[in-house]
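Enquirer: First the structure, which I've put down as structure tokens, then a few questions once you've had a look.
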Amino acid sequence: MVGLKPPEVPPTAAMKFVSAGMAGCVADLCTFPLDTAKVRLQVQGEVRIPRTIGSVEYRGVVGTLSTMVRTEGARSLYRGLAAGLQRQMSFASIRIGLYDSVKQLYTPKGAENTGMSTRLLAGCTTGAVAVACAQPTDVVKVRFQARALSDSARRYSSTVDAYRTIAREEGIRGLWRGTMPNIARNAIINCGELVTYDLLKDMLLRTQLMTGEDAGECGQVPSLSLQDPTPSSSPPSDNVPCHFVAAFGAGFCATVVASPVDVVKTRYMNASPGQYRSALSCLLALLTQDGPAGLYKGFVPSFLRLGSWNVVMFVSYEQLQRAMALARPGLA
């Protein structure tokens, strides 16, 4: 796999911000059906008010996707995509694009290396801010994905109509439904994704595992950061295979730690008014009905989606910011 080399001048914060949003959209376009399957499996078996009769049963990732195509058509796999892309342009831009800047802000002056606590704090900060800004788009996306085309209980003609209807029927607070569990989820995911990617990428660069060379023979070790080092300090392993492996590991770690919160978040955001008093009552209802195993409903599609999403997103992100940095002299 061949990609762009690191530019002489590192990408600016603005370039990272834009690149992260664009990379998030590319990843969503590639993995959205898996996300839809995950949502359907997570809300399946939920006790509804009022109860619905004759709902379709989904079995596994492939079974869910094939059932949706058979009963609702292929377009159902991309229901809510518009809201999903709107979400990534604000959400990914903040939580991923600003991670390096916030990490540098928290790093004490004169420190040679960035500590684990600083990385975790930066991940929690950008994740929380991103949720606060992008929550309405996430609510609309989940509701489009969770509802079958045959379910007439709550149907929206378009994304704009969904925003208007939710605000009219449930108030402005309805657009921010599930904000707290979503903040908890994305703080965990941000740490699982960004910190793990950061550490894995640094380990691969330091040990030169992707090139088979010994780290001591490669000269200067690059600084630990998502930001690409300059060519003088960039080893030959800072390439697409390195980004691929680090992103895959980050996706697996994020799925393991975030699945329980993700299930509660999805159910609470998709709930009818009055169905749950709070996110905690949603959690208790889930545990009562399905037990601890219910916290990992849809784990396989979650991993397939989050793992592939991370690979596409981080590889795209690295290449987009490098392309912008290389094109900067021509844009000046």
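In case you wondered, yes, glycine gets a Cβ from its N, Cα and C as well.
Because TrEMBL annotations are produced automatically, they should be read as predictions rather than curated entries.
Keep in mind that what you see is a predicted model, and the values were worked out from it rather than measured.
Summarising the annotation, TrEMBL assigns repeat 'Solcar' to 11-105, 114-203, 238-323.
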Enquirer: As a quick check of your reading of DSSP, tell me how many residues in the repeat 'Solcar' (11-105) are helical, how many are strand and how many are coil.
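Expert: When I sort the residues of the repeat 'Solcar' (11-105) into the three classes, I find 71 helix, 0 strand, 24 coil.
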Enquirer: How do the residues of the repeat 'Solcar' (114-203) split into helix, strand and coil according to DSSP?
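Expert: Split into helix, strand and coil, the repeat 'Solcar' (114-203) gives 72 helix, 0 strand, 18 coil.
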Enquirer: Using DSSP, tally how many residues of the repeat 'Solcar' (238-323) sit in helix, strand and coil.
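Expert: Across the repeat 'Solcar' (238-323), the residues distribute as 73 helix, 0 strand, 13 coil.
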